[in-house]
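A.B. asks: The following block contains the structure, expressed as structure tokens.
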Amino acid sequence: MSKQTFTTTFAGKPLVVEVGQVAKQANGATVVRYGDSTVLTAAVMSKKMATGDFFPLQVNYEEKMYAAGKFPGGFMKREGRPSTDATLTARLIDRPIRPMFAEGFRNEVQVINTVLSYDENASAPMAAMFGSSLALSISDIPFNGPIAGVQVGYIDGEFIINPDKEQMEASLLELTVAGSKEAINMVESGAKELSEDIMLEALLKGHQAIQELIAFQEQIVAVVGKEKAEVELLQVDVDLQADIVAKYNAQLQKAVQVEEKKAREAATEAVKEMVKAEYEERYAEDENLATIMRDVAEILEQMEHAEVRRLITEDKIRPDGRKIDEIRPLDAVVDFLPKVHGSGLFTRGQTQALSVLTLAPMGETQIIDGLAPEYKKRFLHHYNFPQYSVGETGRYGAAGRREIGHGALGERALEQVLPSLEEFPYAIRLVAEVLESNGSSSQASICAGTLALMAGGVPIKAPVAGIAMGLISDGTNYTVLTDIQGLEDHFGDMDFKVAGTREGITALQMDIKIAGITPQILEEALAQAKKARFEILDVIEATIAEPRPELAPTAPKIDTIKIDVDKIKVVIGKGGETIDKIIAETGVKIDIDDEGNVSIYSSDQAAIDRTKEIIAGLVREAKVGEVYHAKVVRIEKFGAFVNLFDKTDALVHISEIAWTRTTNVSDVLEVGEDVDVKVIKIDEKGRVDASMKALIPRPPKPEKKEEKHD
């Protein structure tokens, strides 16, 4: 296929799609140019069904530093592992695409997005999401799209689609919404305490804008789209299924209704193992034993899936016996750990998170050097999910995509209520350790983070709580669940996380397993989430009503002084020599910004006070009219040089030593002698003239003798 180009305008910027020129051996490939951002997307599919009980979809978002005209950092000067932003963007694209593949599809699919040029005012992630959907849609991969996504901002009561950098900085909302022509299927948002009504309207505005992008994709697919390949879907033997359901459905139904998680898992596992043992023995000699046992496992999964959903939708019974809108038992604790700067332990049923606060000088902020201009990140929220939290063994190592994503969600939820840098000049790190998990651990980490911040004396604007909402839908009827647990998440259709204060929402995240959800479901879920959020905030505020007025004794104290900008180099010294000497002497940490604000950090107040004295001395300037107790440091024929303070000397001219005539300076003064002087002049070069005689009363003039007249 020769190169074909398709052009439109979206949100005030040109959107150009090129097909047929590059990456032609992929199943589908596009080059998307949005503004001056250019993204190459290639989609490929394996020829055979993969083994395993899940759909092996991999979405990558690769940031090439040349796209922004930069050299990669590090010794190797080559792109390494994806940045956090790249990982989050890959997840952002994966989530709306994944539900658009058929149930039982098991061929491996890879969607690789490479940013070739970067324009900070034209969203490369949104171009990559568009390109991912289009590459799949024009390929022979059986993708039931297209989908598209947009960013939505909110400024002065107006919604803005795909805001530029300046607009986003002024926006009260940073929302990414994706979906198909029919419905929304992915949401990711941070917001400055906006109401449910505003958030819902933003979602609908975003979905409305998506229609334009989907129509553009459909236009392109009609011209260059390939016929979809026939692939084998994972389907179980219907006779085998009927046999197992008839024999064991009642036993599995009973096991599913055991309320306690571990007991329920043991009961369901016992039924499954009994079934597997029977059929493994029955078909031991069959050459298709592996396929049969795969089908047995899949049938049992489907039976459990169906029973959980039936109980909720028909009987209105949840696996643990709760009502549809009931939250699990809550518990909140502060000061769980000694010595640290703040800690909070939050428990919701069998989900438990410990959050630990660390405060540090601003010099500890994280420097982010990606495609965007380098910036410093003051607040970090890290989320760890060890396998012991679910009673299992597993991989330990660097944080995976899920942990990075959950940490980022908590970060967005909490950063909206943090004090400004002027109010609280600290770098802030929260680490959430998930100690138990039975669903909604990311929301537990937000609640624990609120406890740790308030316990640590961080003056947040308001406490934040999070809740996860679920959905069971049969296409006609649906049930919205409050505070979903693991089983409801696994077998449900939606995981909709809502975090916020009593004033409004600070973060949203939604993932679904069906094609999309309606505005009515969104509205109902937001309303139930608000009620639940207030219940959780009641528990948090009963534990600690407001941030403590003081920091923990172990936290670094801070004092700030202001110096003239032209004195910054004096405090730092050549090659940092002066500031390093101060730090070595006092043991403090010092940050100096470009405006001359000097922040001094230490757990020892005496060390802070001593540092302030040293810096004040370094930046001190002589002033005309002020008197100084000085020391003679050099004598010349024309006068004496005296040291006023630190590195500031002044000249006392020979005529300014005394009111009487001084013939020889050394007859009056000697090096090392202490004298009081008054500054009488500072010239344009900063040279200081001082006087000793100005401090001595001027002797009266001798009376003139009267002349005698004869």
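Glycine is no exception: its Cβ is also placed from the backbone N, Cα and C atoms.
Positions annotated as Mg(2+) binding site by Swiss-Prot, on the basis of sequence analysis: Asp489, Asp495. Feature annotation from Swiss-Prot assigns domain 'KH' to 556-615. Per Swiss-Prot, the feature domain 'S1 motif' maps to 625-693. Residues or ranges marked as region 'Disordered' in Swiss-Prot: 691-710. Residues annotated as compositional bias 'Basic and acidic residues' in Swiss-Prot: 700-710.
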A.B. asks: Select the most exposed residue of Asp489, Asp495, where exposure means the fewest other Cβ atoms within 10 Å, treating these as the binding-site residues.
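C.D. replies: Each of the binding-site residues Asp489, Asp495 was scored; lowest Cβ tally within 10 Å is Asp489.
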A.B. asks: Please spell out the DSSP helix, strand and coil residue counts for the domain 'S1 motif' (625-693).
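C.D. replies: Across the domain 'S1 motif' (625-693), DSSP assigns the residues as follows: 8 helix, 36 strand, 25 coil.
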A.B. asks: Averaged over the domain 'KH' (556-615), what pLDDT does the prediction give?
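C.D. replies: For the domain 'KH' (556-615), the model's average pLDDT rounds to 92.
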A.B. asks: Going by DSSP, how much of the domain 'KH' (556-615) is helix, how much is strand and how much is coil, in residues?
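C.D. replies: Residue counts for the domain 'KH' (556-615) by secondary structure: 32 helix, 16 strand, 12 coil.
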A.B. asks: Using DSSP and collapsing to three states, where does Asp495 (Mg(2+) binding site) fall: helix, strand or coil?
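C.D. replies: Asp495 (Mg(2+) binding site) sits in a strand per DSSP.
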